[in-house]
Amino acid sequence: MAQLLSFRVYLSAETQKASQESLKRTQKTRKPFSPGRRGPVALPKNPQNLNLEVSPHRAVSAVRLMRIEYGGAFADLLNEKGKGSGSNEMSYVERTIGFRTRDLDDRDLRLVTDVVGGTIRWRRYLDHLIGSLCHNERTFRNMEPLLLQILRIGVYEIIKLDMPSYAVVDENVKLAKVALRPGAGDFVNGILRKLVSLKEKDALPLPKVEGDDRAQARALATLHSHPVWMVRRWVKYLGLDEATKLMTWNNSDPGFSLRANMGRDITRADLVERLNSLKVPHELSLHLEEFVRIKTGLQTVVQAGLLKEGLCSVQDESAGLIVSVVKPQPGERIMDACAAPGGKTLFMASCLKGQGMIYAMDVNEGRLRILGETAKSHRVDGIITTIHSDLRVFAETNEVQYDKVLLDAPCSGLGVLSKRADLRWNRKLEDMVELTKLQDELLDSASKLVKHGGVLVYSTCSIDPEENEGRVEAFLQRHPEFSIDPVTSFVPLSFVTSQGFFLSNPVKHSLDGAFAARLIRAF
């Protein structure tokens, strides 16, 4: 799957509408458990315009968590100015909980980033603790959505952020009372105080890893907050020790990489100079000369306008290494078959040095439009042609062939779970079957667009063998005219598998997980 162009996430009008309608359905039709009263709970009909008593970062975090879980929004935390995910941030807050808080300052923004991302990552773990502290299973199962989000925030802050417990209890109780009703605040107070007492006694009600394979997988899934099916799959392919390390990585705070925009003659040294002036800690990439790693300070980079001005992009080194596997050369005609949002497209275009053409195809017209706009700020729009089409349809109706075709296929995203905190909960085991079928179809179509002697690169942001090696092996059986071109001369040897493929391992390389196979079509 394509990497992010920047730290912004563009929600379509359909997604925003779905988010609002889903919240309305949740509020109007669900009949949740209501501590202190019975029946469905309506939001306040006469919302206050401003409430200065409630903690802003907790109110905003609760609303964002609602939007992510029930509306399909992505867990994005910054816009161009670093001031929330949109100019209507407080409108969402007011519509959901009935009032506005003061605007978020920089400290609030950092807390929202941490609380939202962490609460999503640790959701299964947090829910286990909350459920264990409820009177019975039904109380937890029927809990209303907003109350559950407030409790998750409180438990996360106490257990994972190690905030002062008295402040966490007080502030979350206050939020529940104002956003819902006094009885909800009393309920939050009881649950969180029980939790604090158990934490102080080192007696949290956590499962033990024991019993048969299924029981152990369930315990590990709770302790490391992943779906059971993922745990079982990774233990099968990686072994228990490596699977545990992978889950630990997925739950860690992600680092980011910035790519200097060569299309605007911005060197890594130029980017480092800007980062130094902004006092953003960084280190040079060990693998790619255009890349710089940062662990903190991305918000500063965004606010300073470096992304908007096109001086750099947020792009993981694993994505950059896939471009290394393609190895774009000046004068080549290259098809990026599933291009949006376009991080690899832009990097490949900058490699052409003004000679040749990148054909960026995608089924999503809106995302292609954004790619086109970003290409202008990167000054590579003259060598990028966008094509709005389904690859499968295009390959059937066009005889044009290209020097190289990059198929960055739709995939499970199991290699990027540290950055995509919400993705682990949106993937199902059944998705894997559908995805591998789609990947096979797209590979067959992409192969038709490769000229004789040309290169086909198949890539994913997954670490799953069935999506990676499995798809290439099946493709080669169907298409004997293609053969493996080992990537040993394109990427460092530590990334090369025994079969000659590229694979970045999050635990081994401290990068996003990604895969690429370079295939040559016979003359």
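Each Cβ is built from the backbone N, Cα and C atoms, and glycine gets one as well.
Annotated region 'Disordered' per TrEMBL: 18-49, in sequence order. Residues annotated as domain 'SAM-dependent MTase RsmB/NOP-type' in TrEMBL: 246-522. Marked as S-adenosyl-L-methionine binding site by TrEMBL: Cys338, Ala339, Ala340, Pro341, Gly342, Gly343, Lys344, Asp362, Asp390, Asp408. The active site, nucleophile feature in TrEMBL is assigned to Cys461.
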Cα separation, the residue listed as 'active site, nucleophile' to Ala340 (S-adenosyl-L-methionine binding site) (Å, whole number): 14
Cβ neighbour count within 10 Å of Cys338 (S-adenosyl-L-methionine binding site): 23
Integer average pLDDT (0 to 100) for the domain 'SAM-dependent MTase RsmB/NOP-type' (246-522): 96
Distance from Lys344 (S-adenosyl-L-methionine binding site) back to the residue listed as 'active site, nucleophile', taken between C-alpha atoms, in Å: 12
Longest CA-CA distance among Cys338, Ala339, Ala340, Pro341, Gly342, Gly343, Lys344, Asp362, Asp390, Asp408, per record bound to S-adenosyl-L-methionine, angstrom: 19
Fewest other C-beta atoms within 10 angstroms, as judged across Ala340, Cys461, which are the recorded positions: Ala340
